[in-house]
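Below is one structure, written out as structure tokens; comments come after it.
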Amino acid sequence: MVTVLRLSSLCRANRASAFKSLLIRPVPCLSQDLHTVQTSQIHTSQNHHAASKAASLHWTSERALSVALLGLLPAAYLYPGAAVDYSLAAALTLHGHWGLGQVVTDYVHGDAKIKLANTSLFALSALTFAGLCYFNYHDVGICKAVAMLWSL
């Protein structure tokens, strides 16, 4: 809108030579009243009255978890143990939960379907984490299991 106001001020001052430039073209809304142009504004900056920064924190935590997984996978290979097994169980479950949550957000429509999909997602994530913890406690663990698969 700043461009519109500046171009309209050029027209009112009879400086038509500015329109001979290829970079400046006449704008169709110049015939509007200046008061109307000034009152209709588009704001591209963020809303300073937002309720929370939950989306920003969620995005940041997703990226932090992805970076942590990049370090956790070599650590699982070099230093297999219970701490790394349970860390992998938590990180992989949370990473999968957030990823499938985005699929639900993008592709599931309708209030009842969204509630059912989110409930199913929470149940799947809880069962996945419980299963991985059970596997870590009662069997060889994630790190040793992957090493055994690689040794085949």
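Even glycines carry a Cβ here, placed using N, Cα and C.
Annotated features, as they stand in Swiss-Prot:
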type	residues	note
TRANSIT	1-21	transit peptide
TOPO_DOM	22-56	topological domain 'Mitochondrial matrix'
TRANSMEM	57-78	transmembrane segment
TOPO_DOM	79-83	topological domain 'Mitochondrial intermembrane'
TRANSMEM	84-104	transmembrane segment
BINDING	HIS95	heme b binding site
TOPO_DOM	105-113	topological domain 'Mitochondrial matrix'
BINDING	TYR107	ubiquinone binding site
TRANSMEM	114-135	transmembrane segment
TOPO_DOM	136-152	topological domain 'Mitochondrial intermembrane'
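Counting only same-chain residues 6+ beyond the ends of the transmembrane segment (84-104), those with a CB under 8 A from a CB of the stretch are 62, 65-66, 68-69, 72, 75-76, 114, 117-118, 121-122, 124-125, 128-129, 132-133, 136, 141-143. Here the binding-site residues are HIS95, TYR107, and the one whose Cβ sees the fewest other Cβ atoms within 10 Å is TYR107.
Between TYR107 (ubiquinone binding site) and HIS95 (heme b binding site), the C-alpha separation comes to 19 Å.
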